[in-house]
Amino acid sequence: MSAASVSKVVVVFSGGQDSTTCLIQALTQFDEVHGITFDYGQRHREEIEVAKSLAKRLKITSHKVIDVSLLNELAISALTRDAIPVSHELMENGLPNTFVPGRNILFLTLAGIYAYQLGAGAIITGVCETDFSGYPDCRHDFVRAMESALVQGMDKKLEIITPLMWLNKAQTWALADKYQQLDLVRHHTLTCYNGIVGDGCGACPACHLRKRGLEDYLQNKAEVMASLDKATATGKPQA
C-alpha cells in the first residue's frame, strides 16, 4: 500500500516542531487528518494545550487526547519526573536521561488501534534518525518493526509514514517554510523540555537542536531547500 492510495490518516501529534510540521504536510496530502495526543504526565505537559490550540487553528478533521498516565508510573525519566534534572550528558547505557522507555511503542500501538476504528490507512509520526536525540524508538528499523507488528496483530493494511526520518533539523524547518508555515511552527509550537512555547528556554537539549537547525536553515536557505527536495525525492538517507 502506498501513501497515494490512502485518504484518511492519524497523526501522532504532540504540538512540537516535528509533529506539527508533519500535520501541516498531511493536510495538503490527505482528505481526512485526525490528530492523537498523549497525556502521560510529561514534564512539558503544556504541549497538550498547545496541541489542542494548533489542532483548532489548522482545522484538522478531529483531535483526540488520550490519558496514558500509566506510562508515567512505569517509565522513570527526566521527562516523567520533575525531580530529575534534564541532562546534556548520556547515561551509563548510552541514552539521554530524557528517554522514556516504551513511549513510542505505546503511542504507535494506540494510534494503530485508533486508525483501525477510523478506517484510516496510515499513521504519521515525526520521528527522525538523521538529526535526533538518540532515542532508539525513533529509528527506521524500529518503525518498520512496529508497522509489521500492527499489520499482523490487527490483520489490516496499515502504513506508518515518517516524513522526517531522513531529514535533519534544518531541512525540517525548510519543510515548514515550503508550506508557508515557518512562523507558525517557530512561534506557536512547543519543543522545549521545560514547557516554554516558541524558542523555548534555550538551554535544554531539545532547544539546542531546534535552534541549531533554525540557524542553519536561515543562513543557508537555498542550499537547505535544495537538499530537502533531494531528500524527499529519494526517501533515503543522504550521504
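Yeah, the Cβs are placed from backbone N, Cα and C, and that goes for glycine too.
Taken verbatim from Swiss-Prot:
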BINDING   F13, S14, G15, G16, Q17, D18, S19, T20, T21, C22, L23  ATP binding site
BINDING   C192, C201, C204, C207  Zn(2+) binding site
Take the Cβ of Q17 (ATP binding site) and count every other Cβ within 10 Å, whichever protein chain it belongs to. 25
Rounded Cα-Cα span from C207 (Zn(2+) binding site) to F13 (ATP binding site), Å: 18
Tell me the Cβ contacts of C201 (Zn(2+) binding site) under 8 Å, same chain only and six or more apart in sequence, or just say none. C192, Y193, N194, C207
L23 (ATP binding site), Cβ-centred 10 Å count of other Cβ atoms over all protein chains shown, is 25
Alpha-carbon spacing, G15 (ATP binding site) to C204 (Zn(2+) binding site), which is rounded to whole Å: 17
Using Cβ-Cβ distances, find the residues under 8 Å from T21 (ATP binding site) that belong to the same chain and are at least 6 apart in sequence, listing them in sequence order. G126, P163, L164, T172, L175, A176, Q181, V185
